[in-house]
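Following: one structure in structure tokens, then a few remarks.
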């Protein structure tokens, strides 16, 4: 059977049990199992660090100085005004911001210095721990002690201010709380009294200044009135306004009369050509002469109308009435022209007179308006000065009123703070608290241990479990090999410990490899690793031996020409000739095949060692001699296992894998970084051959690294289910 006839095989995923696949798919991205493994391995940290924390806490308790606390409480009274007088310092201490300000004031150096001086605290040895400092250092040290010992905070939802004093001496703690509470009340009174004094002094100075200003304003106003003859300015202004209104009214009336006369005169002139129609003018009809004739004519006509109903036209009364009417009409016609001429002359004279009167009134109005403007100009300046004087006087009077109120409040000053509760007994101990300190030490040690474990876990990029390897690398783990307890002689594992867990692991590997595909498709195996010292030679030797113990003719080829170990592992010495001699044409196929001293039971186990060291192993392996060697091997053997150089370290393996069917990648448990393994997989993929499975090597017996693989220890030790070949 030629090598070219072997079907190429890529990576084959095992048909894992349904529960296994579902469990893998349901795993979160975070490796909780890996974290639990790390925690189990570092369990001593979870025990040691809390114990150290407890010991440190106990030591602290032994040397810690006790601290005592004492509390005093102030109450802020509600604002109550007996009289409606506003105080100078109208502070509402019940306000939250004001109470916080008061609490902050208690920690100020000014307040503390006054409190120390008032209570003579700098002379108390117990305040300083039993020994008085020097005179110049006493006050600063006392301020520092009180600054750290005193705390104040408003009680939420109340008008209470809690003052807390802490000290190593319970008596001092109580005295500090009492002195501080009383000192705050005295400070409040002093601040109020000082504010009243400052306000009173300021108001007196302001009143004097305003008094002088009012006097100057009054003098300036009086001087202006005298200089401008404005003593009775308001009366003159009222008179001018009245006269102005009267003249304006007369001028309006005169203008109306002139317009009426002009209208009548123009109408009368138009009727000169039609004298009979002049009687239609109201002015003509109302003339006394024509009005008398018209009245008599109307009366006679009324009488004639009555006579017409009683007498006939020949009756003397009838004819007499007609004659009278005719005479009256003749008189009216005769008088009409005379009246028109008389009215024309009269209207013309009246019109001229009206125009003269109108002009005089206009001149009088203009003169009066001029006087009004002059008075207005005087009154503007006058009013400005007057308003200024009145404003100054109003301000002066308000200051005088406020000054009287301040004088009144001098005797009303009292603190808005009162003592709500004072401590009578010495302070109680608040520190140290043994249970709290011990629990904090233990908890801190546990937290530190957990943090260290988390850090170690996140920094560890190695493969720690089967499911982690399969999840990250997306390849099946064919076997987990227990950590060997024997020497570097690889064959000793199966030779001297055929029923050990390690031997059973290789038998499991043999079974799992058989499940990768058809037997004719799985005859040539390459066992390699990403880095040196991962146990690939150990795995290749024992895997080849397990195949031989199954009754198969097995050939083990050491293709790691740079650091060969197969010969030393199997024979305990370097056997020659080997692969190098064959590839160079210095030995035949039968010359380089060596028998194995390890019993293979019903099978055959032969080895081709590496031979002597070659300066150019990659070129040798890339020659046509290596594929020819594989063709010859397949004619005489059922299985061929090749031990190769590490993939990432050198490129020797990459020239071999295109000629094989199955690649098995060995991973050292908790040693090889996953990034390096991924690099090796990428290199294999670029060469056209990806691994068919993984071998997780050097796993400690009983480790949780198995996860979904059962540990072979039980079955191997009992000699069941294939414990013997």
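Cβ coordinates come from backbone N, Cα and C, glycine included.
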- Item | Stretch carrying coiled coil according to TrEMBL (options 144-171, 172-199, 200-227) | 200-227
- Message: Among the residue ranges 437-458, 459-480, 481-502, 503-524, I'd like the one that TrEMBL describes as transmembrane segment.
- Response: 437-458
- Message: Give the nonlocal contacts of the transmembrane segment (437-458) in its own chain as ranges (CB under 8 Å, at least six residues past its ends).
- Response: 34-35, 38-39, 42, 45-46, 48-58, 60-61, 64
- Model confidence over the coiled coil (200-227), averaged pLDDT: 77
- Using DSSP, what's the helix, strand and coil tally for the domain 'Polysaccharide chain length determinant N-terminal' (30-117)? 50 helix, 10 strand, 28 coil
- Message: Give me the DSSP three-state residue breakdown of the domain 'AAA' (535-651), ordered helix, strand, coil.
- Response: 46 helix, 18 strand, 53 coil
